[in-house]
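Engineer: Reproduced below are the annotations present in Swiss-Prot:
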| type | residues | note |
| --- | --- | --- |
| ACT_SITE | GLU100 | active site, proton acceptor |
| DOMAIN | 106-344 | domain 'Radical SAM core' |
| DISULFID | CYS113-CYS349 | disulfide bond |
| BINDING | CYS120, CYS124, CYS127 | [4Fe-4S] cluster binding site |
| BINDING | GLY172, GLU173, SER204, SER227, LEU228, HIS229, ASN305 | S-adenosyl-L-methionine binding site |
| ACT_SITE | CYS349 | active site, S-methylcysteine intermediate |
Amino acid sequence: MPKKTDTPAYKPSIYSLTRDELIAWAIEHGEKKFRASQIWDWLYKKRVQSFDEMTNISKDFIALLNENFVVNPLKQRIVQESADGTVKYLFELPDGMLIETVLMRQHYGLSVCVTTQVGCNIGCTFCASGLIKKQRDLNNGEITAQIMLVQKYFDERGQGERVSHIVVMGIGEPFDNYTNVLKFLRTVNDDNGLAIGARHITVSTSGLAHKIREFANEGVQVNLAVSLHAPNNDLRSSIMRINRSFPLEKLFAAIEYYIETTNRRVTFEYIMLNGVNDTPENAQELADLTKKIRKLSYVNLIPYNPVSEHDQYSRSPKERVEAFYDVLKKNGVNCVVRQEHGTDIDAACGQLRSNTMKRDRQKAKVGQ
């Protein structure tokens, strides 16, 4: 059964149970194994939002489900739709805390970026996600619920669109919430549930080297991305506090272990900050840094979304990005400049949540 986490006490979401845990719970409460399979089917294939909609489940067992669980624990607070089809959601958790989820329309399908923590303690100096420190982890049910509510949003439109890809790149450090994230990955990848292919799922870490090694041994065939953002220790430590604990030597040793163990490619995320990490010399350093794993690595150059609280940073001009890209390509680095999404809404990760919390505080002051 689910282990206790630092999540506050309230009725848990049934999404927090893996299929095996749901089977065990049903048997423990006097039902056959197939009953759990029926419930799983209602949750992930028919995608009901209430136990009362499960028409082939007895009223007594539905009452037991209602007594012990909720289906979806999230409340939709705000939805912002961009002209390019990007949708940003602000969800409220049962304890009143807020999280963000983003739906991006890609040429290959609908991709959802999920949040794994309320706030973030990694402390990257350019990032909106860390403006509010970590308050708690999300449990795996709260992470799964984000996917289910986004899918419900599209189900209600009746166009037959389905979430096909997941990126675990929202607020928080996924590997700082390792157990819940791993259960989430196995739930959404389950062939009897949402059945989102492992190669359609990407987990991004800021560089917790020991967790990268652990993840290599889990047998999950999802994609791994590393938020790199600088090609040397001095620069990386100045903009990403995590580098002081896991410097590049330790990080790249873990990445090499991951590649050797899984034979999977690693993507490096690199935000382009004007005059900070975007010189041709920085590009050459990056090419040299990744040379040993070039065949199984990829660099994603990311245009910076300005954050008012971090006004010391600005976006690299297009010509600087192109010059950086050219140096990488000349060195044989597989790289791309990321396509932007949702630039006409609160685009930066964590920005919608931060702005909403500011407005809520201002309203509270006015009401005093």
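Backbone N, Cα and C define each Cβ position, glycine as well.
On a predicted model such as this, the values are computed, not experimentally measured, just so you know.
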Engineer: Measuring CB to CB from GLU173 (S-adenosyl-L-methionine binding site), give everything in the same chain under 8 Å that is also at least six residues away in sequence.
Structural biologist: THR116, GLN117, CYS120, ASN121, ILE122, THR205, SER206, LEU208
Engineer: Rounded to a whole number, what is the top Cα to Cα distance in Å among the residues the record ties to S-adenosyl-L-methionine, namely GLY172, GLU173, SER204, SER227, LEU228, HIS229, ASN305?
Structural biologist: 19
Engineer: Fill in the CA-CA distance, HIS229 (S-adenosyl-L-methionine binding site) to the residue listed as 'active site, proton acceptor', as an integer in Å.
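Structural biologist: Between the alpha carbons of HIS229 (S-adenosyl-L-methionine binding site) and the residue listed as 'active site, proton acceptor' there are 23 Å.
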Engineer: Please compare the recorded positions CYS113, CYS124, LEU228 by how many other CB atoms fall within 10 Å of each one's CB, and tell me which has the fewest.
Structural biologist: CYS124
Engineer: Can you give the mean pLDDT for the domain 'Radical SAM core' (106-344), rounded to a whole number?
Structural biologist: 95
Engineer: So among the binding-site residues SER204, SER227, ASN305, who's got the most Cβ atoms within 10 Å?
Structural biologist: SER227
